[in-house]
Structure formats: C-alpha cells, structure tokens
C-alpha cells in the first residue's frame, strides 16, 4: 500500500500526518486558512469552528469522559507507581526475604526490562487486533500480579512477578495511548487538557506509589502495600470496562492469515531481544564482578546493540514495519523525542538516588520519604493544568525551552546540596523544577508524536514514546550507578564523605540535561491544539 505525503512524495506503507501549527502564522481570530507545510507538524493548525472541542460522541456524559481519561492516566503510570512504591520498601523487602544486593536491584530492573522490551510489540498487537480488549486484559493482569507479589517467599519468586508486572505495563500503555489519540482525533483545547492529564501519569504516579507504600508500611507490612495498590487497579479495571469505547476507529482483521502477514514478527523478535539484552547489560554492570569489564556484560551490550541495528534495518525493508522509520525524517519529530529522552535520562535516577540518600544518610522513614516527594506530585498536577491552558496559546518551542532549562536547574540544585543545607533551600525547588521540566516536555512530545501517525498506528506511537522514556531512564540509571560505585558508594566515613557518591550521580544527570538544551533551538514547532 502506498500513500502520498503533504508534498506529493510517495511513502510506502505509512501515511504521515501534519501535526503542529509551525510557529503559527494564524490570522485574525485564528480563523484564516493556514497553509500546511512539508513538516509532519502542520495538521494541528486550526481546522474547526469549535475552539474548545465538543465531547466525543462515544461518551454519554462528562463523568464517563473524565473517568476514561483518568483510567488511561493510571495505566501509563503503572511503572511509575510501582517504582515509587518499591523505593520506600526496598530495604525492608531485602531484609525480610534475605536478598542479596543484586537480587534487590532486580526488583526494579526486572520490571523496567520487561516493560521496555515489549512496548513496541504490544503497540502493534493493539493496532492490528484491537485496543480495548488488550487494555482490559492488561489492567486485570497487573492487578493479579500485584496480589500475588504480596505472598512472595523468596527473591526469585518476587523478581519473576515483578517482570510480569512490567509485561502487563507494556501491554496496557500502547492501547491506552491509542484509544486516547483515537477518541480525541482532532486538534482542540479539550484534547490538550485530556493529554495534559494523561501526561501526569509518570511523575504523579511515582509520588503516589511512594506515598501509598509509606503510609501502609507505618501500620502494616510491605505485602499490604502491594495489596492496596492491587485494589486500586481492580477498581480502574472495572472503570476501563465501563468507559473504554469500542474499537470503531480501527479496521480489525481478526485472527487470520491476512492480519498475521501484516504483523512484523521478525521485527518484534529483534526489538524484544535487542532492547532486553541492551537494558540487561546496563542493569547488570553495576553488580558484576568486574563492572563494565565483565565478559557477560560486554557480550550482552554488543549483541543487544547489533540486534537493535538489525531491527532498524529490517524496518526499512519490511512492507508493514513495527516502527515506521519515515517519521524520523521529520526534524521536529526526532528532536522532541531526543529532548524527552535526555530529560528522562536523569529524572528517574535523580528521584531514586535522592530517596536512597535520605534513607541511608539521614535515616528517614518510608512515610517521610513520601512526604518529602509530595511537592513533586502536587507540582506535577499543577504543571499539567498549566500545560493544558497554554499549549494552544504559546509556541510549543518556547515550552520545550522552559522544560529543558528547568531540568538543568533541577540537576544543578541537587548537585549543589550537602549535608549542611536544608531540604527547603535546594531540594524542594529542585523537585519543582524537575516535574516542571518532565511534564511540559512529555505533554508537548506526546501531542506531537500522536498526531504524526494515522489512527491505525496510534498504539505504536504510544509504544515508541514510552520505549524512549524507559531506555533513557535505564541508560541514565546504569551510568549513574557505575559512577556511584566508582565514587565510593559504600563509604562509611563522615556524612560529607558518604554524600559525595550521590552528588556524582546528579552531575551525570546534569550532563544529559545540558545536552537537551543544545537541541531545543533547532525546533520549529509552534502551537498545538489551535482551531480555526
């Protein structure tokens, strides 16, 4: 199948969509015709008379619509909620199950490894075989895994089911994003607000998970924390069944040979194996006998990289690619994704090392770790409200500039802290700048990428975004861990000496944040969600 792009060039197998008002030259009242450009981004230029956007016809009332958006937000926040929760109880779990340091590390690593490896795979599954069913099954499976983890009796049991949690997370995120993009398929302020709420899933989810585990562990055990989160997801599984509309936006082929021919099985195998090996090498290096020089770490890294390169080549020749490479030809598409990756390169790791530092140096209890992280959650909600209000009014390039600069400020503040400086002086503003950065960048990138691909590939777009986020977070955390160990992570001297390894991890994040600033000036993206 061949389609033509906005400049008349034939593109096999994929239709690119124009999706932003590039530095919007919009006339009086935003009602003049705006000529599309050759960029993918032009289709978010004004096209309709209702600037706010009417409620999608698939929802009978506002409550149903709001609960659907909230459910997709909870779905995309699965990994973050788990990470936040596990951070407050890692030490307790390790002591209870007599786990080694490597086994404790794999509690989080197993979840990230499975989630990052299978996102593109499930994105294509959702686009070909239906999003609603996969969405419901994944939420239900996530709930069951949380319940089972609460009965864990040894390290292997726990790590395996944490990996299954990652698998269910990978299965729920693409259909959630795909349904959201299909329901709000036209530019509007309503779409901006829906995607702004959705974008809060990652930062707010992390803090919410930490808060839930911190509170529960003050009155019960770490096992009860998993059960409480399971109850929450059981509720949202029911809400998803009630509010998620049928897959009317998709032309489903069913389980037949014609549909399976369109499924890129070899691409899926290469992507899963490549990302899994590459991610595993980063996770294992910190605890390997000889660090990065350990033979199996080097082997995993090289083989993983080769498989990823093989995946990229295969996508360029296969008729129905898992990840259409044509989208990367658009400069804005590539830049917003790279800026987001560099932002998450340090964001996730900073929260991890900050929480670990509080517990190991300051001996802060889990509930107080959650309290200290609470401003990040509240700030994340406020930033997403702000993003919903300004995306159609302000150049999104400016928003990305603010996001990139905010991440640099956050990392600089964290790297300047010491045992003699209070939480309120530097850490508190650093948390606020950090969520300001990630929420703004994620919202802009999400809107742009989702509008760059046609309706039948919305789930693949969602898988792509979240694969980038997880890869960025994994690479960043792997590098930070290596630097932490090299700087004497097990130092037992004065508090100032103990703090230095944590400080070096924030320096690593600062380098990534600074690199993002150098990319932003090349963006030409304008407003998104403007209507004619």
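Cβ atoms here come from the backbone N, Cα and C positions, even for glycine.
Among the ranges 30-48, 49-67, 68-86, 296-314, the stretch that TrEMBL annotates as transmembrane segment is 296-314. Non-local neighbours of the transmembrane segment (335-355) in the same chain are 83-84, 87-88, 206, 210, 369, 373, 376, 400, 403-404, 407, 410-411, 414, 427, 434, 437-438, 441-442, 444-445, 448-449, 464-465, 468-469, 471-473, 475-477, 480, 484, 502, 505-506, 508-510, 512-513, 515-516, 519-520, 522-523, 525; each lies 6+ residues outside the stretch with a CB under 8 Å from one of its CB atoms. For the transmembrane segment (158-182), same-chain residues at least 6 beyond its ends with a Cβ under 8 Å from one of its own Cβ atoms are 69, 71-72, 75-76, 78-79, 82, 93, 97, 99, 103, 106-108, 110-119, 121-123, 125-127, 131-132, 134-135, 137-139, 141-142, 145-146, 148-149, 152, 194-195, 198, 244-245, 249-250, 446, 450-451, 455, 458-463, 465-466. Between the transmembrane segment (367-391) and the transmembrane segment (194-218) there are at least 3 Cβ pairs closer than 8 Å, counting only pairs 6 or more residues apart in sequence, which means the two stretches are in contact.
Mean model confidence for the domain 'Major facilitator superfamily (MFS) profile' (68-528) is a pLDDT of 85. Beyond the ends of the transmembrane segment (398-426), by six or more residues, the same chain brings 336, 339, 343, 346-347, 350, 354, 361, 372, 387, 390-391, 433-434, 436-438, 440-441, 444, 495-496, 499, 503, 506-507, 509-510, 513-514, 516-517, 519-520, 523, 525 to within a C-beta distance below 8 angstroms of the stretch. Take the transmembrane segment (265-284) and the stretches 104-122, 194-218, 224-244: counting Cβ pairs under 8 Å, 104-122 has the most.
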